[in-house]
2 protein chains.
Amino acid sequence: MSESIQALRQSFRSYVKKMKSYGEALDVMYWDLRTGAPRKGVEARSEVIGELSAEMFKMSVSSEMGRFLEQLSEPGVFEQLDAVDRKLVEECKKEYDRSIKIPPDKYQAYVVLTSQAESVWEEAKEKADFAMFQPYLEKIVAANREFIELWGYAGHPYNTLLDMYEPGMTTQKLDQLFADVRAKLVPLVAAIGQSSNVPDTAFLRQTFDVTQQKAFSLYILKELGYDFEAGRLDESVHPFATGLNPGDVRITTRYLPHDVTSALFGTIHECGHALYEQNISQELIGTPLCTGTSMGIHESQSRFWENMVGRSRTFWKRYYPKLQELYPDRFEGVSVDSFYDAINVVQPSLIRIEADELTYNLHIMIRYEIEKKLFDGSLRVADLPAYWNEKYKEYLGVVPAHDGEGVLQDVHWAGGAFGYFPSYSLGNMYSAQIRSTMEKQLGDLDDLVDRGEFSAVKTWLVEKIYRHGKLLTPNEIVEGVTGEPLNPEYLLDYLGKKYGDIYNLN
Amino acid sequence: MSESIQALRQSFRSYVKKMKSYGEALDVMYWDLRTGAPRKGVEARSEVIGELSAEMFKMSVSSEMGRFLEQLSEPGVFEQLDAVDRKLVEECKKEYDRSIKIPPDKYQAYVVLTSQAESVWEEAKEKADFAMFQPYLEKIVAANREFIELWGYAGHPYNTLLDMYEPGMTTQKLDQLFADVRAKLVPLVAAIGQSSNVPDTAFLRQTFDVTQQKAFSLYILKELGYDFEAGRLDESVHPFATGLNPGDVRITTRYLPHDVTSALFGTIHECGHALYEQNISQELIGTPLCTGTSMGIHESQSRFWENMVGRSRTFWKRYYPKLQELYPDRFEGVSVDSFYDAINVVQPSLIRIEADELTYNLHIMIRYEIEKKLFDGSLRVADLPAYWNEKYKEYLGVVPAHDGEGVLQDVHWAGGAFGYFPSYSLGNMYSAQIRSTMEKQLGDLDDLVDRGEFSAVKTWLVEKIYRHGKLLTPNEIVEGVTGEPLNPEYLLDYLGKKYGDIYNLN
């Protein structure tokens, strides 16, 4: 590499690192706001966040960034770069090309709009008043449709939104994936509904001392290999994980006094996200590649640890005695098998975030159908509540009593995060497919869990997925690991076996 | 005000607000590092802090800032500004004039030097090895002497350092203040040493459950009027207060299992700092005037609440029963008067931060004498340990066994914070003088405390001091409140009466 290219590369790296510094500062402030920042300081803090976000955005579309990308993309230069620098140039260019197309005043107005919309949504949900939220949602959809025109798109307009969360994903692929899943899932859910085996879950809803719940969450985190020297566990209204850098990946959970598993599975879910981010290669630190490659792959890891490990029978053979020890008088006469059945009960319901592992995918498909229609113009915002209720009836057999438990339940749309929902189901599909390869190489997962060999599981995932951060695309990851593109059959196979067993369907 | 001046003023305000935003982001990150950030993320975090600090410094000396200050300082413009804008221009100009004189590479090198020196100091203190720290301290002193030449000074070179923490303070004033204090304090300490009344303190050093200590700290904070909607209490190795904005002023303390008062008095001390910052006028938010006017006035408030309120007899008449309730078997046979005597025991000692209210001032005077000599060149860094020990012998009658409990005990010099120490004693003087005026207007403080009328005390302090932030100078504050410049007689009078009573000296 010539000295001048070396110098150019260095300057670019410094520039990118500075941007990433703003990102970490912002992430610390968001974390802080969600884990106990005092109420009266929130307004001033929002302005601080606004100032730094604007600065970071400016840097991402500055003429300086434009020059870096132009010079580094020249074939004679680009081919001299190593893999990390190449990917870095590509990622920054993708971001630059998107952002530069949106006029700054439109972007600014959109940021203000979504920020206001989130407050309005909160109140509208509380009051179950869709009309209150409707004008905001209409503006947000309109703005996104305008952005899509500016960005351009191939195939369906919605594709360009999908690509933001799952690079390379399209409606064409998703239509097929979801059709396959739905074809097997709907009859499976119906069969479960007719099964005579209805797990008893009443014992999960007693009073459970929160201090003990916390102790148990911390204990399980240690067992799973979460590194407490590179993270911490706090409390927040909605559990989340935030990777400031691989040495500082924090998670939160929420302890409910009348629900012994909510905090625990929240913890394990976020632990999955955190194991991913704690184990990204050091060489990616200080770059935008130091994160998960997509929301789908990220969710595959949270769901792998939460559902395939944490909701497995062998996991509870191992840890149920510990839980019983913490609550000596709460599980009398409840066998580990009854406990296992109870934490895996299937029940079509209205609220996505409370849904079981199986019906969860149906909640996602409804949102996917709606988003697709909003962006090809075949569904108006005003008609959303009716369409929502109709779909819930069709897919899940339940109808919301009001919009608060219906169309208003999720915050995503208020924040403009269209295209995000499919990640959750993609995560389920990815995790089952990855698990299948893992078992070919390491042996049966249930056996590994039975023996507490989480370290072997983690090491395998670090090697195959975590260390790469965003250096590989989701498709490169899944094909690299499993030898084929995303295939929903693994998920269907896994769900069929697991729930067939619990509900005696065979 | 003309439209063009109005526009100029607005742009300046936006510019200043942006700088302040960086300041808040940095303060959140410092708070986070000191209250439990994971160890492995510290290195990456330091780089983030470095990037944002550098950016903030650049803004403070930018040509844009230079133009703002030049245009706004023009007499025809300046006279049209209101009091807040005027003060803002003056403050930014003071900062600009100082910073612009230091070549950026020298400043950068100094930041690196002090950052390294703090790590070296930590190890040197641990090992009681002054020689290890000496070369760093020599460089820091040399750099400061060079800066002083670049900044310029009036009278003693040390004056320009004093002014950074206590605007308007000089060695001429301090020599007189400290001479007055020392003349009465040294004989008072001697008389106490010969008193037959030696308070028993053994009962303070039993085991005290930390959860209860925390509950008591929280209880007292509420009693004193600390606003928990505008702050929070956390734990850190060294207690501190940080005012992110008036709606978010956080404090920390440290719970020692074998010391029931350490955490409590730490909490009350930081509460004093916090009451100040929580009550700064809203109109100063987003400006550098939204902070205490000087370290001396700030310390006057922490010390007022800690010592004059928290270590008073009436305070414990009120709260001792509550403490006894929390620890039913720890204070048997200990009367409230014995408890009061114990928490006010006077004992010349080696460590500043553990010193009692009275001898504390002698620790400060030693450091003041040393700093003065370092900057007029009459004391070499190499001779510091011997000089330190000699002074401790002379002022306090004690001699350190090693430099770890001697010259290496404080972090201040490693960080280059010369001129800071006098603030602590100035705080004591200010607080006694302000108290005297308060009592003329509100009645005896002990009576107010006896009746739990903390709200009246706080309201008075908000009106006289807190709300003004940095809009008034320390001297304007003290003269405005008390009608005279700083006068140490109030402190001496207060200490004489309080300790004369405890030790039966009259």
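In case you wondered, yes, glycine gets a Cβ from its N, Cα and C as well.
Just so you know, TrEMBL annotations are computer predictions that nobody has curated.
Positions annotated as Zn(2+) binding site by TrEMBL: B:His269, B:His273, B:Glu299. Over all protein chains present, the Cβ of B:His273 (Zn(2+) binding site) has 24 other Cβ atoms lying within 10 Å. Secondary structure from DSSP puts B:His273 (Zn(2+) binding site) in a helix.
Per TrEMBL, the feature active site, proton donor/acceptor maps to B:Glu270. Neighbours of B:Glu270 (active site, proton donor/acceptor), defined as other CB atoms within 10 A of its CB across all chains, total 26.
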Between B:Glu299 (Zn(2+) binding site) and B:Glu270 (active site, proton donor/acceptor), what C-alpha distance do you get in Å?
10
Specify the secondary structure state of B:Glu299 (Zn(2+) binding site) as given by DSSP, simplified to three classes.
helix
What count of other C-beta atoms do you get within 10 angstroms of the C-beta of B:Glu299 (Zn(2+) binding site), across all chains shown?
27
With an 8 Å cut-off on Cβ-Cβ distance and a minimum sequence separation of at least 6, pull the same-chain contacts of B:His269 (Zn(2+) binding site), or say none.
B:Pro239, B:Ser302, B:Arg303, B:Trp305, B:Glu306
Chain-mates of B:His269, B:His273, B:Glu299 with C-beta within 8 Å of site centroid, Zn(2+):
B:Ala241, B:Glu270, B:Gly272, B:His298, B:Gln301, B:Ser302, B:Arg303, B:Trp305, B:Glu306, B:Gly427
